[in-house]
Every structure is written in C-alpha cells, then in structure tokens.
Amino acid sequence: MKNLVSMKDLSVEQILAILKQAQAFREGAVSTLKNKYTMANLFFEPSTRTKMSFEMAERKLQLEVLPFDAGFSSTLKGETLYDTVKVLESIGLDALVIRHEQNNYFNELVGKVRPAIINGGDGTGNHPTQSLLDIFTIWQEFGGLKDKIVTIVGDIAHSRVARSNADALTRLGAKIHFVCPREWQAEFETTNSFDDVIEVSDVLMMLRVQHERHDGSISFSKEEYHQSYGLTLERESRMKEGSIIMHPAPFNRDVEIANELVECERSRIFKQMENGVYIRMAVIEMILKGRE
Amino acid sequence: MKNLVSMKDLSVEQILAILKQAQAFREGAVSTLKNKYTMANLFFEPSTRTKMSFEMAERKLQLEVLPFDAGFSSTLKGETLYDTVKVLESIGLDALVIRHEQNNYFNELVGKVRPAIINGGDGTGNHPTQSLLDIFTIWQEFGGLKDKIVTIVGDIAHSRVARSNADALTRLGAKIHFVCPREWQAEFETTNSFDDVIEVSDVLMMLRVQHERHDGSISFSKEEYHQSYGLTLERESRMKEGSIIMHPAPFNRDVEIANELVECERSRIFKQMENGVYIRMAVIEMILKGRE
Amino acid sequence: MKNLVSMKDLSVEQILAILKQAQAFREGAVSTLKNKYTMANLFFEPSTRTKMSFEMAERKLQLEVLPFDAGFSSTLKGETLYDTVKVLESIGLDALVIRHEQNNYFNELVGKVRPAIINGGDGTGNHPTQSLLDIFTIWQEFGGLKDKIVTIVGDIAHSRVARSNADALTRLGAKIHFVCPREWQAEFETTNSFDDVIEVSDVLMMLRVQHERHDGSISFSKEEYHQSYGLTLERESRMKEGSIIMHPAPFNRDVEIANELVECERSRIFKQMENGVYIRMAVIEMILKGRE
C-alpha cells in the first residue's frame with residue numbers, strides 16, 4: 001500500500017490487516033517505523049474531527065508534522081493542487097493527508113508525485129479512513145462483519161461515507177440497507193421506509209443532513225426529517241438486542257438523531273472517533289513502511 | 001484543582017501555591033509531570049499574547065500540543081462547543097485551553113467532559129490566568145499583596161480582568177479602587193476621578209479601551225479619554241515612589257497610556273507577559289498533577 | 001550576523017559561508033547549536049513555499065516552533081508590528097521570521113527588540129533567503145557565479161526577487177540582464193527584447209506575473225505576455241548548452257513559462273525549493289550562533 005485514496009484500493013486482506021494493527025495500537029502497541037518522517041495535513045474544507053484525529057495519530061507515531069494553512073496558502077494566488085503538492089515534495093514531505101472539495105482530486109497526484117497521498121475526503125466521493133473506522137467499530141462489536149445487517153440512513157447522494165462504506169462492507173460479508181428520502185437517492189437500491197428495517201438491523205448508521213451542501217432544494221423541515229428519517233426515541237426502542245447506533249459526525253441533534261440518543265448505551269458515536277485515531281495510525285504506518 | 005475557569009475556584013492557599021510554583025519555573029525549575037499529556041488551545045476569539053503564552057508554557061512543560069483552528073473547524077457547520085469538546089475528548093486530549101465569546105461557556109463542560117478545562121477568557125466574565133499573572137507581578141514587586149493599593153482604571157464594565165482581579169486581590173489583602181467613566185460603571189463601587197487616587201496607589205492597572213466591543217455608545221474621543229482617564233506623563237509624575245504601572249495589553253498608545261510610558265521604568269507591562277508563561281506553566285502542571 | 005533583513009547586510013564572504021553551510025546541510029550535516037531555541041513564523045501575507053520551507057528548516061535544526069496565526073492575532077485589534085514583536089520577545093522567542101506587506105517593516109524592529117529578525121519578504125523590497133537560494137542553485141550548477149550571465153525576465157518593478165538578487169549577483173561576479181515590459185521597468189537598466197539575450201544567458205530567471213498586485217493597469221493579455229515575455233518552447237530551443245531555467249514560484253503555467261517547461265530537463269524550479277530548506281537552515285543557524 002503506497003497511497004490510500006479509496007476503499008477500492010484495499011483488498012479484504014488489507015482491510016483486515018489494518019483492523020488488526022489498529023486494535024494493536026488501541027491496546028498500546030507503539031510505532032515500529034525505522035526512519036524519521038515528515039507529514040502535513042492539507043485540509044481545504046473545514047474539519048475538526050478528521051484533521052485533529054490525523055494530527056493525533058501522527059504524533060502518536062512520533063512523526064514530524066508541518067502546519068499547513070489552506071486558507072492562507074498560495075492556492076489563494078491560484079496555484080493548482082498539483083503544483084502545491086510538488087512544492088511540498090521539494091521541501092521534503094513524505095506523506096500528505098488531503099481533504100479537498102473536488103471529487104477524485106487525487107487522480108492528478110497519485111503516481112506523479114513522491115509523497116504518499118492519504119485521502120481525508122474528496123467532495124462527495126471517498127473518505128476511506130472514515131469507512132475503515134466504521135468497519136473497525138462494527139468488527140470490534142461483533143467480532144466480524146459476516147451477515148451483519150447495516151442500515152445506512154440519510155443523505156446517501158451527498159455522503160462520502162455511504163459510498164466508501166457500501167462496497168467495503170459488502171465485500172466483508174455484511175448486508176447493507178439504504179434508507180433515504182426520494183430527493184437524495186443515489187445509484188444504490190434504497191428504500192424510503194426506515195421503519196421496515198429498524199428491527200432487523202445490527203447497525204444503524206445515521207448520516208448527517210448536510211445543510212451546507214444543499215441549496216434550498218429540500219422539501220421538508222428539520223422536524224419532518226426527524227419524524228421520517230431520524231432516529232427517534234420510539235425507533236430506538238424497537239432496535240434489536242445488541243444492536244448499535246453509529247454516526248460519522250458532526251451530528252445535528254434532533255434532526256438525524258434525537259438529542260438523548262447521542263450518548264445512549266447503544267451509541268458508538270464517540271467510540272468511532274476514538275477508533276479513528278488508531279485506524280489512522282495503522283494506515284499511515286502501513287503506507288510509510290510500504291515505502292521504506 | 002481539576003479545572004480552572006474562574007478565580008472564585010481558587011482559595012488563597014491555592015493562589016499562593018501557584019505563585020510559588022510560577023516563581024520556581026521562572027528560576028529554572030522543570031516539569032515534574034510523570035506522564036505524556038496532549039493539549040489543544042481553542043481560541044474562538046483573536047489573541048496573540050494569551051494564545052502564544054499558553055503555547056510556550058505547554059512546550060516548556062514538554063506537552064504535546066495539537067493545533068486547533070477555530071476559524072476552520074466544524075463549528076462552522078454549527079457544531080456546539082460541547083460536541084466539539086466531546087470530539088476532542090474521544091481523540092484523546094487531556095486538557096483544553098478555551099477562549100470563547102460566551103460568558104460562562106464552561107458551565108456546559110466542567111463535570112461533563114473528561115479533559116481539563118482551562119479558561120483563557122470568557123466574554124466579559126473571567127480570565128483567571130491573566131488575574132494570576134497580574135497578582136504574580138505585584139507579589140514579586142512588593143513581596144506580598146497585603147495593604148497594597150491597586151487602582152484599576154478604564155472600561156470596568158467590559159473587562160474580564162477587572163472582574164477576575166477584583167475578588168482575588170481583595171482576598172489577598174489588597175485594597176482596590178476602580179476609576180471609570182460613568183458609561184462603563186459595573187457592579188463595583190467606582191469613582192470618576194482618577195486624580196484623587198493617583199498619589200496613593202502602589203499599582204495603577206490601566207485597562208484597554210475595547211473599541212471592538214463598543215457600538216458607537218461612547219461619548220468621548222480618544223484624546224478626551226486620554227485626558228480624563230489615561231495615564232498621561234503629568235499623572236505619572238505624581239505617582240508615589242516605588243509604585244508601578246500595569247496593563248493587560250494589547251494597549252492603545254496615547255489612549256489609556258501615553259506612548260512614552262509603555263516602556264518606562266515604572267512599567268511592568270512586558271514583565272507581566274513574561275510572567276504569564278510561568279503562571280500558565282504552574283496552572284497547567286497543577287491541574288494535570290491533580291488528575292494523575 | 002545577528003539578523004537578516006536584506007542582501008545588503010551580507011558581505012561576499014558571508015554569502016559564500018552560507019552557501020557552503022547550506023551545501024553541508026544538503027549532504028547530511030546536522031545542527032551544532034548548543035542551546036534550545038524557540039522561533040515563530042509571522043506571515044502577514046499568504047505563502048506556502050516560503051513558510052513551509054522555514055518550518056521544515058526549523059524542525060531539521062531541532063528548534064521549537066510556536067504557531068502564529070496572523071489572520072487571528074491581535075493585529076486585528078490594531079496592534080502594531082512593534083508591539084506584537086515585543087509581546088513575543090516577552091514570551092521568550094529567540095528568533096522571528098516575518099513576511100509583511102510593508103516595505104522595510106524591519107526598520108522599526110532591528111536594534112530595538114531582542115529576537116533575531118529574519119526577513120521572509122517585505123512588500124516589493126527584499127526577500128534575502130530567496131536570493132540566497134537562487135544564488136545557491138546557480139553556484140551548485142556552475143561551481144561559481146563569476147562571469148555567468150543571468151537574465152531576469154518579467155515584473156521587475158513589483159518583484160522582491162529582482163531587487164534582492166540584482167546587487168548580490170553582481171557582487172559575486174555575475175552579469176545581469178533585465179527584460180521587462182515598459183510598464184514594469186524599475187530603477188535598473190532594462191531591455192524590452194527578450195530574444196536579444198536568450199542565446200547568451202547561462203540562467204533565465206523568470207518572474208511571476210503578480211496579478212494580485214496589479215490593478216487593471218496592464219495593457220496585455222496572458223497570451224500576449226507569454227508571446228512577448230514568456231519562456232515559450234521556441235525560446236527554450238534557442239537556449240545555450242548547459243543553461244538553466246529558474247523561477248521563484250508560484251508560477252503561472254503558460255504565462256511566464258510554457259506548461260511543458262516547468263519540469264523540463266533545464267528547469268531547476270523544484271530544485272530551488274529543495275535548496276531553500278538548506279539555505280534557511282544555514283541562515284538560522286548562523287544567526288542563532290551569532291547570539292550564543
């Protein structure tokens with residue numbers, strides 16, 4: 001593994017190797033990298049959790065991390081992403097985490113630049129470390145993915161997570177249901193009826209209503225969304241024993257999930273964030289080792 | 001001490017312990033923390049000196065510091081402060097310095113989240129490390145606070161410093177006078193006449209005219225303010241022997257203080273900033289030790 | 001050397017000493033600084049390569065680097081540069097890299113503050129580390145500067161690089177030609193005819209068309225500029241054997257240089273950026289040693 005831009009790059013064996021290494025880091029394993037590496041995190045879109053999670057993972061691996069301020073960089077002078085990355089290559093960076101609003105931005109980079117590219121999210125496309133931390137959280141909970149029923153609820157069309165997760169979860173043996181309003185259907189088969197699948201799901205993965213990506217095209221209010229597609233207290237009461245609630249966050253309380261459920265017993269929302277640090281440590285270490 | 005949000009949290013004994021530890025750090029003592037801790041500085045309002053001072057203190061304590069860019073975080077997507085802090089808790093942060101425009105923002109955090117909360121300033125409320133560094137500077141100068149006459153001059157109503165200092169200085173035995181224009185009177189007893197108190201004061205603590213918090217409600221010009229409430233050369237000439245000038249900065253030269261007096265012999269303005277680093281080292285170390 | 005604000009500060013001997021130390025760092029030498037120093041990079045104008053290059057150099061020297069966010073600092077509250085630097089002095093910083101839009105901003109700092117001032121670019125004035133890395137790149141290529149013909153092409157009037165380079169290259173024995181449109185002539189003797197000098201030049205140094213500094217006063221289109229003053233494929237074909245192409249970047253592809261030439265065999269554009277890290281290491285180390 002020389003880069004990580006999409007879940008499609010990863011075989012089932014590689015995914016399982018990442019999960020095992022993440023678990024080892026979670027239990028206290030330390031980095032076995034032999035050299036001193038320098039990274040930077042290029043976030044061209046706002047982010048708290050993904051950026052901070054990478055920052056933490058990099059420091060736990062004892063890497064040098066250079067600050068990069070996208071809002072104050074030469075991209076303001078019209079420099080292309082390729083040229084910016086070439087600059088960072090020249091300066092000596094070994095790996096770059098990039099979040100960018102353009103789908104598949106990495107196609108102009110991978111194979112053309114020396115630093116490893118780790119995709120921190122591209123437009124509405126991929127977000128592989130988020131998928132991996134979701135998979136890790138389910139794997140920890142049930143000891144595996146085989147035959148687990150995962151229901152993904154919400155804005156399928158605009159969600160990086162849904163797309164990155166769909167393929168990988170299936171390859172690992174899980175069964176996926178998608179629930180979403182008619183307006184947000186994607187290329188997957190979806191249902192509009194949340195209530196049909198609640199009682200059979202092992203995992204309810206609630207997606208964020210991304211107000212900032214919509215343009216007044218939504219025909220329902222927050223309250224209506226909550227009633228039709230949100231995880232209400234009533235719906236939670238019908239979830240099956242041992243089933244869990246996930247959300248990639250940031251969440252809108254009382255829109256996709258009832259306020260009281262964010263930190264309820266079934267919720268793994270904050271555990272997902274914990275897991276993100278270990279998954280990112282595993283991914284970065286494997287990529288840097290693959291280059292040693 | 002598990003958090004520090006207000007001077008009211010601190011007993012006189014605790015304040016004195018912080019001053020002594022700050023003095024030890026000033027004289028070259030090094031951190032005796034046993035574990036490796038990670039912090040972040042969440043500044044939701046612009047700041048140079050407080051943020052840089054905390055950054056320096058954290059590095060002198062050999063802590064890991066994760067960068068947090070409030071202007072580029074998920075708060076832009078409407079995430080609440082509580083949820084942001086829960087994210088940082090999940091990612092593994094041990095302590096957070098927070099500056100936020102909302103008074104008492106910390107009430108929704110302390111006791112509800114795992115990371116230590118250190119208040120770097122809340123709205124017009126508290127700024128405890130500023131109060132402590134002010135107290136430290138007076139304590140160094142006079143060997144104690146007892147019976148020292150401290151005159152605080154300026155925008156009492158909008159000043160975090162005045163409020164944080166008022167109570168603590170009194171508890172430590174100092175006598176406080178407040179001088180301010182009628183428009184800016186607060187809940188304390190104040191006088192409008194600066195000249196009545198100049199000659200008796202051991203400390204003149206000049207406050208910043210916070211243009212950015214006012215809304216055209218001020219009835220005087222900069223020149224008028226300087227004449228009535230500023231520290232002019234003439235007023236400085238009437239200060240008593242051994243008395244000192246303080247200012248929390250940033251200062252407006254020739255508004256609250258004459259340009260020539262900023263670095264004059266009586267001025268402790270830059271020494272206050274030096275002291276801020278040691279005070280913050282002491283506070284952070286005590287809080288992290290209180291959690292070991 | 002206690003500060004570095006302009007190439008005029010440096011004797012020929014000092015320049016050569018910096019080049020030799022940069023070469024040593026390039027070949028793997030490590031810092032021989034005895035103390036622990038703390039720096040900050042104050043960039044009041046957007047920058048990727050200069051800022052990241054300094055950040056990398058500082059870390060390779062094992063310095064502590066405090067983050068400074070100019071867009072979120074007290075300068076927003078109207079604090080002067082002098083007062084900001086005095087704050088950073090009080091907090092304990094040993095050296096500051098500053099980029100500022102005001103020409104000769106450093107005149108209000110050097111000799112008046114304790115931290116070393118390293119100029120990262122002032123308005124349209126100086127950019128000494130850029131000049132040094134340009135000189136270093138030519139020196140590496142030809143083993144010296146004597147009698148080398150260096151042609152600088154473009155926006156001479158607005159370029160820091162042209163001004164910083166002009167004097168130093170001449171003192172080192174190089175011959176300089178300037179080519180620029182009539183609108184952009186500066187105090188140097190220039191020619192409007194690029195084609196007269198192409199075949200004799202050892203170095204073509206193309207400057208950036210700084211759209212963001214112009215105000216509609218330019219009378220030519222990008223295409224016209226490229227045809228008259230850009231390095232086209234045709235012009236490159238007439239360059240003499242062993243001659244090289246340089247550009248301080250960020251470059252406008254197909255304006256000052258044909259897209260295909262940016263990474264061509266003659267191009268040293270990305271090597272300049274590599275060299276920048278080593279030059280900055282040499283400069284910072286010499287300045288900090290000069291203060292030990």
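A Cβ is built for glycine as well, from the same backbone N, Cα and C atoms used for every other residue.
Model, not experiment: these values are computed from the prediction.
TrEMBL has this to say about the protein:
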DOMAIN    B:2-139  domain 'Aspartate/ornithine carbamoyltransferase carbamoyl-P binding'
BINDING   B:Arg49, B:Thr50, B:Arg99, B:His127, B:Gln130, B:Ala249, B:Pro250  carbamoyl phosphate binding site
BINDING   B:Lys77, B:Arg160, B:Arg208  L-aspartate binding site
DOMAIN    B:148-286  domain 'Aspartate/ornithine carbamoyltransferase Asp/Orn-binding'
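This view paints the features noted in TrEMBL onto the structure.
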residue  : record                           : Cβ neighbours (10 Å)
B:Arg49  : carbamoyl phosphate binding site : 24
B:Thr50  : carbamoyl phosphate binding site : 25
B:Arg99  : carbamoyl phosphate binding site : 23
B:His127 : carbamoyl phosphate binding site : 27
B:Gln130 : carbamoyl phosphate binding site : 26
B:Arg160 : L-aspartate binding site         : 23
B:Arg208 : L-aspartate binding site         : 22
B:Ala249 : carbamoyl phosphate binding site : 25
B:Pro250 : carbamoyl phosphate binding site : 22
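When secondary structure is read from DSSP and collapsed to three states, B:His127 (carbamoyl phosphate binding site) falls in the coil class. Chain C has a C-beta under 8 angstroms from the C-beta of B:Arg49, taken from the binding-site residues B:Arg49, B:Arg99, B:Gln130, B:Arg160. Sitting within 8 Å of the Cβ centre of B:Arg49, B:Thr50, B:Arg99, B:His127, B:Gln130, B:Ala249, B:Pro250, and not among those site residues for carbamoyl phosphate, are the Cβ atoms of B:Ser47, B:Ser53, B:Gly120, B:Gly121, B:Pro248.
Per-class residue totals from DSSP over the domain 'Aspartate/ornithine carbamoyltransferase carbamoyl-P binding' (B:2-139), listed helix then strand then coil: 64 helix, 23 strand, 51 coil. Cα spacing between B:Pro250 (carbamoyl phosphate binding site) and B:Arg208 (L-aspartate binding site): 7 Å, rounded to the nearest whole number. In the three-state DSSP scheme, B:Arg160 (L-aspartate binding site) falls into the helix class. In this structure the C-alpha atoms belonging to B:Arg99 (carbamoyl phosphate binding site) and B:Arg160 (L-aspartate binding site) are separated by 12 Å. Mean pLDDT of the predicted structure over the domain 'Aspartate/ornithine carbamoyltransferase Asp/Orn-binding' (B:148-286): 89. Taking the C-alpha positions, the distance from B:Thr50 (carbamoyl phosphate binding site) to B:Arg160 (L-aspartate binding site) comes to 13 Å. Rounded to a whole number, the C-alpha distance linking B:Gln130 (carbamoyl phosphate binding site) with B:Arg208 (L-aspartate binding site) is 14 angstrom. A straight line from the CA of B:His127 (carbamoyl phosphate binding site) to the CA of B:Arg160 (L-aspartate binding site) spans 6 Å.
Annotated pair B:Arg160 (L-aspartate binding site) and B:Arg49 (carbamoyl phosphate binding site), C-alpha to C-alpha distance, rounded: 15 Å. Cα spacing between B:Arg49 (carbamoyl phosphate binding site) and B:Arg208 (L-aspartate binding site): 14 Å, rounded to the nearest whole number.
Farthest C-alpha pair in the carbamoyl phosphate-binding residues B:Arg49, B:Thr50, B:Arg99, B:His127, B:Gln130, B:Ala249, B:Pro250: 16 Å apart.
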